[in-house]
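A short worksheet on the structure shown next.
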Amino acid sequence: MGAGHHHDHDHPHDHEGSELSPMDLRVRALESILVEKGYVDPAAVDALIETYETRVGPRNGARVVAKAWSDPGFRDWLLRDATAAIASLGFTGRQGEHMVAVENTPDEHHMVVCTLCSCYPWPVLGLPPVWYKSAPYRSRAVIDPRGVLAEFGVALPPQTRIRIWDSTAEVRYLVIPMRPAGTDGWDEERLAGLVTRDSMIGTGLALSPEAVAA
Amino acid sequence: MNGGQDLGGMMGFGPVRPEADEPLFHAPWERRAFGVTLAMGATGAWNIDVSRHARESLPPGEYLTSSYYAIWTKGVERLVVQTGLVSPDELRQGAALAPPAPVKRVLRAGDVAAVLARGGPCDREPAAPARFTVGDRVVTRNLNPSGHTRLPRYARGKTGTIERVHGVFVFPDTNAHGAGEAPQWLYTVRFDGREVWGEEADPALVVSVDAWESYLEPA
């Protein structure tokens, strides 16, 4: 079912009932009653979905990081007042009202988790991936982060401090990964291509120029 | 509450499984569940702390075996019944049996962009100076409320250091229960990994939580 279709759920069994899972039926029933009672406008539901499917995602965060790598003044602003610095690029609002940026160095690697639910900086990273919301990540990020990093293919030197930020309040954290070597003179757009979603959560590193060229 | 949501430090869930080229939604119902959850939040019938508490109130066995959008769906189902917007029979049938109850707002498609861009800031003007400052040593209280709290079990009764002072924020523990915003100073408290997990912990691990002032005492 695409966004914008099948808002009339009165008789779902007529045409595709055999393919509908219990959760399909359950959510259809929920949306139907909420729409019928006038609490929910299905066109607004479509617009909400479309926003995160097409406009808000980790490319936003990559622009923030690339600018921080390129512009020392912006980097300082981002570390001092991330909410304002990020807003200057047009990324504001829900689940990013109170932003803090933390910067990886050779001595310290930052990683973000929400052990209690799924808090995640939507305006810069979009909606979280399933693994971020899953029990394995939420349980182990705080007690065994090196084991978690290994599952992402990341191995850090044992002396590198691993700094875990558990997002237990409404502050949302963005990791600024280290700028890869061999990128001198690159413009922001090219640099942004090295910034992965996972590198801004702290479960990955920025890509090397070789990885992008390959 | 010490529910199924409080996962930090639990074991036995297996490896993290990142998915290559993961789609934003894994089934058509997930996208509707996402949109319906946000749209109902926008009615003002409840706040974000109430909705988090509805989710964590699922029995732990159910919470841990439900996908995240299923947890959201079950949370909305509970809330629409609790708030009297929908009756249990109506929910079962997916059809109205009684007239609607009033809601503060109905989110329209044309307002979605503005509402998302505005978000819901939960910082408030300070009414009193902060009790703690950066560098202070603090101990987290051993709180086990039956209601909502944002102090995870692994971080209770632990000694740490104030690293950041964020300002004054709505207090979820009251706001989730109709007891008002009761704003408090909010801090990032950092703990040595060995303080949290014992002598065998990685000596290079530092963990922080964001903690409201009433979660903390001077160390």
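Backbone N, Cα and C define each Cβ position, glycine as well.
Note that the coordinates shown come from a computational prediction; the quantities given were computed from them, not determined experimentally.
Counting Cβ atoms from all protein chains shown, A:CYS119 (Fe(3+) binding site) has 25 others lying within 10 Å of its own Cβ. Annotation note: A:CYS119 (Fe(3+) binding site) sits in a coil segment as assigned by DSSP. Here TrEMBL flags A:CYS114, A:CYS117, A:SER118, A:CYS119 as Fe(3+) binding site.
What TrEMBL lists as compositional bias 'Basic and acidic residues' is A:1-18.
The domain 'Nitrile hydratase alpha/Thiocyanate hydrolase gamma' annotation in TrEMBL covers A:23-203.
For A:1-22, the entry in TrEMBL reads region 'Disordered'.
Other Cβ atoms within 10 Å of the Cβ of A:SER118 (Fe(3+) binding site), summed over all protein chains shown, number 20. Surrounding the centroid of the Cβ atoms of A:CYS114, A:CYS117, A:SER118, A:CYS119, where the record places Fe(3+), the chain contributes additional residues within 8 Å, namely A:LEU116, A:TYR120, A:PRO128, A:LYS133, A:SER167. Candidate binding-site residues A:CYS114, A:CYS117, A:SER118, A:CYS119 yield A:CYS117, A:SER118 as lying near chain B, with Cβ-Cβ distance under 8 angstroms.
Here the binding-site residues are A:CYS114, A:CYS117, and the one whose Cβ sees the fewest other Cβ atoms within 10 Å is A:CYS117. Looking only at the domain 'Nitrile hydratase alpha/Thiocyanate hydrolase gamma' (A:23-203), the predicted model's pLDDT averages out at 97.
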